[in-house]
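Written out below as structure tokens is the structure these notes cover.
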Amino acid sequence: MASLSLAVNLILYFMAIMHINLADASNLLTNYMGTSYMVAVLISVFADIFVGRYMTVIISSLIELVGLLLLTLQARSDRLKPPQCGFPVDPTCQRVHGGSEVHLYLSLYLIAIGSAGIKAALPAHCADQFDEKHPKERLQMSSCFNWLLLSLCTGGAISVTVFVWIQNRKGWYKGFAAATGAMGLAVIVFIAGLPRYRIATVQGSSALTEIFQVYVAAFRNRNLQLPENPDELYEISRSEASPDTEFVAHRDKPFRFLDRAAIVQTAKDAAPNPWRQCRVTQVEHAKTVLAMVPIFCSAIIMGTCLAQLQTFSIGQGNTMDTSLGKGFEMPVASLPIIPLVFLIFAVPIYERLFVPFARRLTGIPTGITYLQRVGVGLVLSIVSMVIAAVVEVQRKKVAVRNGMVDMIPGRQHLPISCFWLAPQFAVFGIADMFTYVGLMEFFYSQAPQPLKSMSSSFLWCSLSFGYFMSTIIVQAVNAATKGSTASGGWVASNNINRDHLDLFFWLLAVLSTLNFFNYLFWASWYKYKAVAPEEQQQQQAV
């Protein structure tokens, strides 16, 4: 509720108020969004080692609250903004600079860091409320992620309608102030639940560090000979270990080379160097994480496509007719309400109708496998980009036909409804439900026990790379097409009507198709973590 209106409307704020050109504004937004996902991984490590997940949510919420306050202050004060002008047609417009630009970046990245902490800790804290050893609660955890998505969509629906309308009609500072109030309310609501939460203990060490130790030890031991018998690899004695210590049996495949990290090099009564000699269980955890990397990478291009719906598609809508009957115009940044509404209805239908039906056919507790769910979403993301390209062709034809190629976006509108953009948003919304919830379930179910608290961060990290990839692709496309257009590239000018956004969308559709075939290879190669027979019987009984 507090942050989604920023993701969809900041592109207009950067251009209209801060006088940043379209390509730079798009890159600034995608870098901000990418940071909000990338930092989530680091914060999840911080949560495990020092303060715990529930406290991380509180601290992160307060950091985001400060960032929103600073953003509101800048939108309210004329001294912290460049002078008003007719951007982008007025050549005398002054871009935000100096202390005002520092203020903008500081507020944005405080919001990004706070949002990252919530993304990192909240899903894992949600999963902490269920006992994975209890068969019924284990299945309820899958439903929990679906309902978490539903709550995000509900808050997002309010954000992209009410808050965006306030920003565009009542003033940016009032819209940001509303988001600040929502963030303050979030802190109060979360703290109110503390007496009833199941609180996970702080581990005092990072499981991610143990994974890195395996990779370092395997590299340092690369010249050592592996023993013929895997039982000769290093593992602590079960009789001497604590009852909670996890043991994983050795596997020859995949990634046999990592076994070198467990070659015994020290005497039994001496403590081994953890960066040169690791347990077999550690090695198997490292193998599992490495096997998940290709699946993780397959979501990057989809994150790149999502970035376009939050940047260039908003720019498209800013040139189109946004009227809804007489006397009311929908803010263009409210277009994401379309996928959100679809998801609000689709998630319960998926959870209550599709999953039970598919479960009867497949015998799989979740209806279809995690990777099948991800694959459906990747296909739908391709369809969304194809629709976006076709719609952009039609939008430009309308601009040419009506002699409005050099129109002023936001002040003049093409005689074509912005609801032509609805299909690309709607299809991508359904793709979201399949891919991102599927990935969240996949990472949480397949991650080693010590890494489960960080599993949701893998998803945010893939999204982060997607946003940063968007920045790279935009710059690369403009560099490669610099000589083919008068504006200096397909998406380089401030006039979207003279750009070649349709070709850019086609490029993303092609990249997404190649990515899907790459995903099919790795998904068919991946072997799910084995489930104990008694646990499988319990799941079937439930």
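For all residues, glycine too, the Cβ spot is worked out from N, Cα and C.
Note that the structure is a prediction, hence the values are computed from the model and not measured.
As annotated by TrEMBL, transmembrane segment applies to 6-22, 53-73, 144-166, 172-194, 289-310, 330-350, 370-393, 413-437, 458-477, 503-522.
With respect to Cβ pairs under 8 Å, the transmembrane segment (144-166) is most closely packed against 172-194, considering the stretches 6-22, 53-73, 172-194, 289-310, 413-437.
A contact between the transmembrane segment (503-522) and the transmembrane segment (172-194) is absent, since fewer than 3 of their C-beta pairs, 6 or more residues apart, lie under 8 Å. Count of Cβ pairs under 8 Å against the transmembrane segment (458-477): among 6-22, 53-73, 289-310, 330-350, 370-393, the largest is for 289-310.
Within the same chain, the transmembrane segment (330-350) stays apart from the transmembrane segment (172-194): fewer than three Cβ pairs sit under 8 Å, each pair at least 6 residues apart.
Residues 1-3, 5-6, 9, 13, 17, 54, 57-58, 61-62, 64-65, 68-69, 71-72, 75-76, 159, 162-164, 166 of the same chain, all 6+ positions outside the transmembrane segment (172-194), place their C-beta atoms under 8 angstroms from a C-beta of that stretch.
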